[in-house]
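Asks: Right, I'll just put the structure down here and ask away after.
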Amino acid sequence: MHINSSEALLSSQDTEAIHPISMTTFNLTGYNTGAFTLLGIPGLEQHQELGLVPSWSAMVLFNLSSDNPGPFILVGIPGLEQAHVWIGIPFCIIYIVAIVGNCILLYLILVERSLHEPMFFFLSMLAKTDLTLSTAGIPKTLSIFWLGAREITFPGCLTQMFFLHYSFVLDSAILMAMAFDRYVAICSPLRYNSILTPKTIIKIVVGISFRSFCIILPDVFLLIRLPFCRTRIIPHTYCEHIGVAWLACADISINIWYAFCIPIMTVISDVILIAVSYTLILCAVFRLPSYEARQKALGTCGSHVCVILMFYTPAFFSILAHRFGHNVSRTFHIMFANLYIVIPPALNPIVYGMKTKQIREKVIIFFSIKGTLWKC
């Protein structure tokens with residue numbers, strides 16, 4: 001007989017996870033020096049033995065010292081525990097595609113002098129950030145699916161959360177920088193090299209990296225300050241700010257408003273600037289007298305627009321569903337949240353390889369040379 005362990009865990013979490021303890025000794029004189037024995041989760045003792053529910057030694061239900069929180073338990077995808085092994089296969093394939101595609105892209109941009117231009121520099125930065133985004137979440141997800149390695153330490157949880165959120169905000173800033181690059185290239189082509197000098201590019205890269213760091217770093221301190229005296233079970237495959245904050249036994253209003261207002265408003269401002277840039281680009285493109293020039297400009301911008309839509313559409317859906325989608329099932333939300341950290345990194349190099357002529361030609365040459373060497 002199979003009992004959905006996630007439903008039991010989540011129900012215990014929603015009811016403050018108050019578990020019975022047996023007090024063996026208690027000294028009323030001086031300081032409280034009572035010794036307590038944890039009985040675990042009532043009614044789920046058999047499932048604890050099977051590993052479906054973590055035992056008391058694997059999680060701390062009552063934290064008397066918030067300075068050293070115990071490990072957290074990542075459930076995976078609630079409701080689909082029996083299918084975890086099979087779900088992990090497509091995730092692994094897509095992750096491998098993301099790693100290989102972005103590494104090839106970085107290699108080509110590094111070795112081909114014809115690709116040493118501002119647009120491809122930003123593209124290489126996007127590839128590195130995509131590798132960070134997918135690697136911060138997918139390996140741990142696969143270890144949960146295939147190895148049952150559900151535990152994650154509190155420092156490990158904070159580290160994973162930081163790199164996931166930082167990569168997301170930095171990705172958004174890079175897309176904004178790439179939109180600015182295309183705007184200058186199409187609307188002011190004669191001034192392109194004088195505007196986007198190496199010094200200017202370095203300033204842009206340092207600026208957007210520092211901005212992303214300053215936006216996400218407070219998330220870490222907002223979590224460190226919280227006492228975790230309830231269940232440590234996270235119904236997800238990775239640690240994210242609000243998901244961890246909900247486990248605290250303290251007021252998390254600051255966490256909720258900071259997480260929703262500051263990073264989201266920053267990303268929305270990026271989207272507005274990107275939209276303005278491409279509106280101006282389209283106006284300039286349709287004023288070009290030559291049909292071929294218009295087609296070339298639209299083709300160059302087409303790859304950027306595809307990447308922008310692939311990145312923002314699932315991300316905003318996941319964020320808004322997490323905040324307002326009370327009718328969206330938890331299973332669907334978590335599955336979607338996992339897809340948006342692996343699908344865009346896998347598709348970005350493919351889209352740029354197909355849509356950008358310079359990269360497409362270099363990829364064909366790269367694989368033709370590799371094929372010739374393999375035959376030899």
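Heads up, the Cβ atoms here are built off N, Cα and C, so glycines get one too.
What TrEMBL shows for this protein is this:
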DOMAIN    101-352  domain 'G-protein coupled receptors family 1 profile'
TRANSMEM  85-111  transmembrane segment
TRANSMEM  131-149  transmembrane segment
TRANSMEM  161-180  transmembrane segment
TRANSMEM  200-224  transmembrane segment
TRANSMEM  244-265  transmembrane segment
TRANSMEM  271-289  transmembrane segment
TRANSMEM  301-320  transmembrane segment
TRANSMEM  332-352  transmembrane segment
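A description of the local structural setting of each listed feature is requested, covering burial, neighbours and distances.
Replies: Residues 51, 74, 76, 84-85, 87-88, 91-92, 95, 98-99, 102-103, 160, 163-164, 166-168, 171, 237-238, 338, 341-342, 345-346 of the same chain sit 6 or more residues outside the transmembrane segment (131-149) yet have a Cβ under 8 Å from a Cβ within it.
Beyond the ends of the transmembrane segment (200-224), by six or more residues, the same chain brings 118, 121, 125, 158, 161-162, 165-166, 169-170, 173-174, 176-177, 180, 241, 244-245, 254-255, 258-259, 262-263, 266 to within a C-beta distance below 8 angstroms of the stretch.
Away from its own ends, the transmembrane segment (271-289) comes close to residues 172, 175-176, 179-180, 182-183, 186-187, 297-298, 301, 304-305, 308, 312 of its chain (Cβ-Cβ under 8 Å, at least six residues beyond either end).
Only residues 6 or more beyond the boundaries of the transmembrane segment (332-352), in the same chain, are considered here, and those with a CB under 8 A from a CB of the stretch are 77-78, 80, 91, 94-95, 97-98, 101-102, 104-105, 123, 126-127, 130-131, 133-134, 136-138, 141, 164, 171, 235-238, 240, 303, 306-307, 310-311, 314-315, 317-318, 321-322, 325, 359.
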Asks: Which residues of the chain, 6 or more past the ends of the transmembrane segment (85-111), have a CB below 8 A from one of its CBs?
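Replies: Cβ under 8 Å, 6 or more out: 77, 120-121, 123-124, 127-128, 130-131, 134-135, 138-139, 141-142, 145-146, 338, 342-343, 345-346, 348-350, 352-353, 359, 362-363, 366.
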Asks: Average pLDDT across the domain 'G-protein coupled receptors family 1 profile' (101-352)?
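Replies: In the predicted model, the domain 'G-protein coupled receptors family 1 profile' (101-352) has a mean pLDDT of 87.
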